[in-house]
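Asks: The following block contains the structure, expressed as structure tokens.
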Amino acid sequence: MVYNVSQVTTMNMWITALVSIFLPIVLLIMWKKKKKVKISPFFVGALIFIIFALILENISHSFFIIRDSALSRFVNGNTWVYVLYGALAAGLFEETGRFVAFKFFMKNNDDKESAVTYGIGHGGIESILVVGFSMLSSIFLISTLNSMGGIDNYVALVPEESQDMVRSSLMSLYTTAPYVYLMGAVERVATIAFHIALSVFVFMAAKRPGKWYFYPVAILLHVFLDVFAVLYQRGVITNIVIMEVIIIAITLITSYFAYRIYQSDARVGTTQTV
């Protein structure tokens, strides 16, 4: 049997890739045009995500879930421990990174508009690197598979001892329902909004006297949302639509309170354009 990945799957991957890559750029352009803000917080947000989420958090993962050890076997062997660790790691590393950014890297950015700009950068670079580029990689792989006449022809070129593993990995492209790949675009919209909302929370904690409690609140909100993402990853939640609806609901509630906090802040930012 010839296994070719459907055109609908490829089209949905393209939609998700384009949304993931261009949405942050469009948001930054619109926000700068509307508020005449500096764009430097955008790049700070991107840098902080790379350092705290892609580097430091992954170092933690290497000890807790990747390297073979008694600890990693315990975490990987217990779903709820894995879920708790995964959600806590994301919340602690990313929200601490946000706090460090506002407290030390953005000492002179006291305008609340900078919180939004930062959030676009933090959530935007995640969208581009984690989802956008991975989708483009999958699209390239699908093009290669289809040009070779299907998955089996590709697997035939792989050393025999690795063929079963490679086939199993590639078959997910064929067996996964096409709409699942489109869910990535929906999730990116929600996730970027969530990052902007949490950036407002942590900005207030770092910049406004007496507002320190917004930092642990941001951590807890991040952990709460990620619990559902990790539950889906572990197969406890099996329906991606249910998972996305939960994420969207949490994002809407968090964004509402972030908007109220943002609007209630009396300190108005400057309109620098560097």
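Glycine residues also receive a Cβ, built from the backbone N, Cα and C atoms like all the rest.
Just so you know, TrEMBL annotations are computer predictions that nobody has curated.
If you look up TrEMBL, you'll see 12-31, 43-65, 77-94, 115-142, 179-205, 212-231, 237-259 marked as transmembrane segment.
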Asks: For the transmembrane segment (12-31) and the transmembrane segment (115-142), does the number of C-beta pairs under 8 Å, pairs 6 or more apart in sequence, reach 3 or more?
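Replies: These two stretches do touch.
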Asks: Is the transmembrane segment (179-205) packed against any residues at least 6 beyond its ends, judged by a Cβ distance under 8 Å, and which are they?
Replies: 9, 12-13, 15-16, 19-20, 23-24, 27, 45, 95, 98-99, 102, 112, 114-116, 118-120, 122-124, 126-127, 131, 135, 211-215, 217-218, 221-222, 225, 240-241, 244, 247-248, 250-251, 254-255, 257-259, 261-262, 265
Asks: Using a Cβ cut-off of under 8 Å, list the residues of the same chain at least 6 residues beyond the transmembrane segment (115-142) that approach it.
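Replies: Residues 5, 9-10, 13-14, 16-17, 20-21, 23-25, 27-28, 31-32, 35, 37-39, 41-46, 48-50, 53-54, 94, 98, 101-102, 106, 170, 173, 181, 184, 187-188, 191-200, 202-204, 262.
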